[in-house]
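Record features (TrEMBL):
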type	residues	note
BINDING	Y16, Y21, Y65, D81, N86, D138, V139	S-adenosyl-L-methionine binding site
Amino acid sequence: FTEADFYQQNFNPRGYLEDYYSMSDGKKGAKAFLMQNLRSLHKIFSLDELRGGTLIDVGCGPTIYQLLSACERFQEIIALDYTDQNRQELEKWLKNEEGAFDWVPVVKYVCELEGDREKWAEKQEKVRKKVKQVLKCDVTKANPTGPVSLPPADCIVSTLCLEGACKDLPTFCSALRNIGTLVKPGGHLVMVTVLGETFYAFNKQVFSCLCLQKHEVEAAVEAAGFEVKLSEVQPYTESTECMDCQGVLALVARR
């Protein structure tokens, strides 16, 4: 199983972004996967109760797609990731530096879901303004952001993170308990999790994935002290060399 130090040494954020988030027709499987996840997040962050002061993004990687709907509902966002180069790549975009990844096609798609494709520049600005901190985290630690302690947030979102970070089901359950401490009682957990996947690949590097089923994820979420409010699977049917995902679970739970 590709553990944390393998990510630190081998995960190339740019290669990952170009293969999975470029929205190019040449990468049909990745594009379908991304659009499906954007639609799920749009639906989730349209729910009335999903709003508040602070949102923590656990395992943000070098990406912002998971914040594009959420940024309309929360006042400030804290992004957490284990891998230094992912946080640097994200910071580059947040600071609008030259050579940052171009998220515009993705932002436009989300704006289209929200009813106005032309609001894309405004939305980019909103994300840049609302992300207040980008911090290191380790979901296998009891305090994932240690030595920093964050006040509990209104909501945590974790997309495509835990299944890549946890080598087995007990580790996954324990990671959920750890990140659960980051959300206040009455607050929400939002997850987008791949099901039935054992690997994903890009740049000639293969990364392991914990092969999960819907009922296992739901049980782990409940064991971490949450009540599942919404749990929907979208089957994934594209044939692609770069991953063996069978479906994606979108889940909302309340602590």
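The backbone N, Cα and C atoms fix where each Cβ goes, and this holds for glycine too.
Residue density at D138 (S-adenosyl-L-methionine binding site): 17 other Cβ atoms are found within 10 A of its Cβ, drawing on all protein chains shown. Listed binding-site residues: Y21, Y65; maximum Cβ neighbour count within 10 Å falls on Y21. Taking the Cβ of D81 (S-adenosyl-L-methionine binding site) as centre and 10 Å as the limit, one finds 26 other Cβ atoms among all the protein chains shown.
Site extent for S-adenosyl-L-methionine: the farthest pair of Cα atoms among Y16, Y21, Y65, D81, N86, D138, V139 sits 24 Å apart. There are 25 other Cβ atoms within 10 Å of the Cβ belonging to N86 (S-adenosyl-L-methionine binding site).
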